[in-house]
């Protein structure tokens, strides 16, 4: 592959085929590339995942660690991959391969945290996971439902028909009653992007949607939104989701190139991201990173119309 594509995280079906991924069982052909993009400065361990979306496009997932922060703020490769699916408006994940050995020979089941995270997707029971020992030439696929028996799922909590992760949603949030006010002359524009992210946020369990927008030193912006898990602890915060976008599209930039950040979260939310977001950005972003927080409200008229 050309040198200019060494930071590529998303492949069309044709591009994937040119890399040897001509069928799902060949997903491991891209695993070394995924591992080369991982950011594991604490563990010194690079973990990669490769997944095929329902569109046929192939995505890479990597582990991301943050020196100076507690380990639970790290991003798992499977979380990275699914978040990037959401950011690219994919409708589902079909097959997934996760390397469990540094030599890229063995592939195994996602950790329990990520199996639970995968349960939030709209086609969770159809997801196939590649299992391959070092003694097998190709391995075989197993379903997520077999790898997570006696599972606790969104169906146990949410009303029937509720939109799940990777399904279209609009949280009907607004910063004020006026679009003109949102985009007035003092608007940083990141505020609008963070609001749009919050409107995509998957937070059906606490109803605390939030979104983050980041800007780097060259003016390029990135965004992500809070993704909840029915099991709570596997949830992914909005800063981490925005950092998935940053890692996937910044072409190798360090987090210290992030110079501006905006968090939009629901007013009086049961789960607030403000303090955690500030802690993360204070630790990894540029020393002078400008961090702003805006509180949004549900537009009841819009919500009534959409329902």
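Backbone N, Cα and C define each Cβ position, glycine as well.
Marked as domain 'CMP/dCMP-type deaminase 1' by Swiss-Prot on the basis of sequence analysis: 22-155. The substrate binding site annotation in Swiss-Prot covers 63, 64, 65. Positions annotated as Zn(2+) binding site by Swiss-Prot, on the basis of similarity to another entry: 76, 111, 114. Swiss-Prot lists 78 with the feature active site, proton donor. Under the heading domain 'CMP/dCMP-type deaminase 2', Swiss-Prot lists 185-307, citing sequence analysis as support.
Overlay of Swiss-Prot annotations on the structure.
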residue : record                    : Cβ within 10 Å
63      : substrate binding site    : 24
64      : substrate binding site    : 24
65      : substrate binding site    : 17
76      : Zn(2+) binding site       : 22
78      : active site, proton donor : 25
111     : Zn(2+) binding site       : 16
114     : Zn(2+) binding site       : 22
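Cβ proximity to the substrate site centre (mean Cβ of 63, 64, 65, cutoff 8 Å) flags the following additional same-chain residues: 38, 39, 40, 42, 43, 47, 62, 66, 74, 75, 76.
In terms of Cα distance, the recorded positions that sit within 10 Å of residue 114 (Zn(2+) binding site) are 78, chosen from 63, 64, 65, 78. Note: the CA-CA distance between residue 64 (substrate binding site) and residue 76 (Zn(2+) binding site) rounds to 7 Å. If you check the recorded positions 76, 78, 111 against residue 63 (substrate binding site), the ones with a Cα inside 10 Å of its Cα are 76, 78. Secondary structure at residue 64 (substrate binding site), taken from DSSP and collapsed to helix, strand or coil, is strand. Taking the centre of the Cβ atoms of 76, 111, 114 as the Zn(2+) site, the nearby residues of that chain (Cβ within 8 Å, site residues left out) are 77, 78, 79, 110, 112, 113, 115, 117, 234. Between the CA atoms of residue 78 (active site, proton donor) and residue 65 (substrate binding site) there is a gap of 14 Å.
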